[in-house]
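My structure is below; once you've seen it, I'll send some questions.
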Amino acid sequence: MSRTVRGAAATAILCLTLTACGGGSPTGAGAGAPAAPDPLDSLSTEELLEQARAEGTVSVYSFTSRIAAVEAEFERTYPGIDVVATDISSTEQIARIKAEAAAGSPGADVAYLSDAPVVLDELLDEGLLRNYVPPRVADALPAEFREPLLASRLSTKTLMFNEEAHPDGPPVQNLWELTDPEWNGRVVMVDPQIRGDYLDLMTEIVLRSEEMGAAHEALRGVPVELDEGIESAGEQWIADLYANGVVLVGDTDSVNAAVGARGQQDPPVGFTTYSDRRDNSEENRALQAATEVAPAPGIAFPAMIGLSPDAANPAAARLLVDFLMGDDSETGGTWFEPFYVPGDYPTRDDVTPPAEALPLAELGTWTIDPGASAGVRRDVADLLLTLG
Amino acid sequence: MSTTSPGLLGRTVADPVGRLGLAVSAVLAVLVVTPMVGLVASTLRPTGREAWSDVLTGRLSTSLFWEPLGNSLLVGAVTAAGSVLLGGGLAWLVVMTDAPWRKTIALLATVPFALPSFALALAWETVFRNDLVGGRAGVLADLGVAVPDWIAWGPVPVAATLIAHYFSLSFLLAAAALATVNGELMEAAEMTGATRLQVARSITLPVVTPALVSGALLAFAEGVSNFASPALLGLPVRFQTLSTRLYGAITTGQVERGYVLALLLVGVAATILFASNRIVSGRRSFATIGGKGGRRAVIRLGRSRGPLTALAFALCLSTSVLPGLILLASSFARRTNSFTGGFTTHFWVGESDPSIAQGQRGVLLDPLIIDATLTTVGLGLSVAVGATLLGTAVGYVVVRLRGLAPVTGSLTLLSYLPFLIPGIALGAAFIAQFGRPIGPVPALYGTFALLVIAGIAATLPFAAQAGRSAIGQISRDVEEAAVVAGAGLARRGGRIVLPLASRGLLAGASLVFVNIVRDLSLMVLLVTPALPLLSVLTYRYASEGFAQFANAVTVLIVLLSVGATVLARRLEGPNQPWREAAS
């Protein structure tokens, strides 16, 4: 930490010069032409810090309450810059950012949220958020996590089973098995009609129809037969799953409890968050991820960070984004610590994922492409509606 | 006074009550009409127009609208009927009869409304859950009792938990109305040979009808719009209601469809409102607070005294104490919703421990909680006062301004609408409306004032219904006497109407307070870190999976709500109907 402060002191003069000639009124420039690169975008962490000190504060909307830990750590690292954090869900952030834009009222400087397809479609494309990739970490980020909007980590919705009841490994090797009578009424997930990440899971399965078709042939030896009104193998799988009495609940914790509770004779399987496994001992559960499921056990999706185009504290906002991406150590250090949990995956390729969980490649999930999802998401939602 | 002015507007302006009506309409226009217009406008853009056809006529319409509509109407109607039956019956027992421990029953009956509705759904699950969806089975299944699916899941448990929640609302309104039944009238009827049934039908019932209808309407609207119960107990068997569909549409990015569903919900409710208005306005003469005081007669229950009291206690205990205990116990449970995994006080008074809930401190040690409690109480009180004043004005105009149906009708409808606008849409509309400065009014976004204004708008249905049934019982004669004596509208309001209606209004105000204290969906968009609210903290803990913290804060909310209800009773002092009847 002191390294950063010393660095800041050393570049103070340079910063002052830059402030005077280039970054004087970034707000106006950013608001007028959202696509135009902001001079602040290319500043180093130290240069940002100098200007951020002058701003003295930064506000952030976050979809996770772990932002409280980030706030404390940030204020310890950069004394004199106050973080004002509001913890609200992605859905509510989207509604709020739109309403604030309609009112012309400045909202938070930074938005940290999931629901990527909606965010890209309704906030980024409408100019209500803008992308900023901290130069310090840009090279460590694969292109899909730099554009169109910065992603800091991946979370999952993947097939999990009860390892107490199935000590020899996952009871399912192919997603199509879930549509067999054996699993009738014994597959649990959150209703994709009320939770965006589950809709993303269904959408990805439709987008991967080719692989779904291949998996069907591998299991049954015949190609998928499409029902009337069904257009792809992915859609057919969803229709079959619903016809097979999939159990829909209201939140992930209900899935975890149904699948993971110890002492069950014949527990169901379900789609839920891999990192929830860390609560196994606390909650007396035996949740385990089903790996080697054809064609894939589920999805990984990004948590994204965007800037308000009219950020009142543009430098401090960028400094916070830089901070949220983790420090230069192998684990992202204390900056990233709240998000460094087994089963969540940092997007930076120079940060080693926590050892207690399987590497993402072994977990085998599909990583969603929010841009492609946005295009078909509504159709999938409509299909789900017809299935009830 | 109305015969000389030809036009509707002329007649309205000529009458002081009419002028009050216009003023109230103007306030409602800002609080209710503007957000509604915002909703309608967003559904008239191209994507919105598509949403209309999707919802109403497309291939999706059956599962998107018609089926959930049927389910919602069913749940709403059963909730309304059940709440009125249980709440009204209990009010009768407490106010009119010689049943023992009436005070205790009355107190217990007000608790369920103060409990969050998910607490009751959770309690139901704890007892009746079967193995349909896997996971832990409930108490009964643990004991080896096979619980049929229709008791564990679907419309029956959804309606049952909602009735358990809202009967206390009907109870409060009906008890306040019953307390005004004129004992002399009843005695007179009995002396002239009327049977008990006849007395009930021709004296008691007409008096409480407006309160019962109010209670039924509120229970219906809440039953239709409640999300927690159908999400917990209906979704696993794919029992969808309009509220789960609406919530789903908004959270999955199909905002316009959500708004269209909300508008249709408004339409359905408006239809029902008008129908019930007709029923009430068919019988106009139920003014019972006259110039002369009346001692209330006590109905002797005789042999049915014991069984009826036992029934009342069973109802109250199972809907207030039991869920309360479950909630309290689960805030001490080491494992989420498990009473077999040991107990701990960590979630209340524990110091930060990094291995539990990311180092969150026990709620009683968290300075944020104290801050949030103060803000919550302050907000609840401000909204209660504001909404009650506005609601009384609405009630006064609606009751007194006879012959101007368009004005009174629209006021009734407007004051009922906020119920049916989803909280998140209402919140967004308020940001859009008050986010920028309007004339002399500065931008209110992020201020306490905006929370109060939004709170008043959202709780207006309670306040207006309470105001209406309270004013409806004050005889016109009393005021006319004051008019003859030269008292103006303001003086009559302060000296006659408010004091006489105070019991009903206080009950209404405590409902408003309770509703604000546990509201989430509206406030979640409007709060900022500087203004933490307990309900928002609960949500924050729950969404992170810290169920025990969420439950602990919920217990705090319940204590506040119940405390407010009890305090409201105290303030009524010697006017407590049951106490008076007992002495």
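Backbone N, Cα and C atoms are what each Cβ position is placed from, and that goes for glycine too.
For B:69-274, B:373-568, the entry in TrEMBL reads domain 'ABC transmembrane type-1'. For B:20-44, B:73-93, B:105-124, B:158-181, B:202-221, B:258-276, B:310-333, B:377-399, B:411-431, B:443-464, B:522-542, B:549-568, the entry in TrEMBL reads transmembrane segment.
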With Cβ-Cβ distances below 8 Å as the criterion, list the same-chain residues six or more beyond the ends of the transmembrane segment (B:443-464) that contact it, or say none.
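Distant Cβ neighbours of the transmembrane segment (B:443-464) are 28, 31-32, 35, 218, 221, 375, 378-379, 382-383, 386-388, 390-392, 394-395, 398, 412, 415-419, 423, 426-427, 430-431, 434-437, 508-509, 511-512, 515-516, 519, 522-523, 526-528, 530-531.
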Any chance the transmembrane segment (B:549-568) and the transmembrane segment (B:310-333) are in contact, meaning at least three CB pairs closer than 8 A with a sequence separation of 6+?
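Since 3 or more Cβ pairs under 8 Å link them, the transmembrane segment (B:549-568) and the transmembrane segment (B:310-333) do come into contact.
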By Cβ distance under 8 Å, which residues at least 6 away from the ends of the transmembrane segment (B:411-431) in the same chain are close to it?
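Distant Cβ neighbours of the transmembrane segment (B:411-431) are 21, 24-25, 28, 31-36, 38-39, 217-218, 221-222, 224-225, 246-247, 250, 258-259, 262, 265-266, 269-270, 273-274, 277, 391, 394, 397-398, 445, 450, 453-454, 457-461, 464-465, 468, 519-526.
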How about long-range neighbours of the transmembrane segment (B:377-399): same chain, 6 or more residues beyond its ends, C-beta under 8 Å?
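Non-local partners: 17, 20-21, 23-24, 27-28, 407-408, 411-412, 415, 448, 451-452, 455-456, 459-460, 462-472, 493, 497-498, 501, 505, 508-510, 512-514, 516-517, 533, 560, 564.
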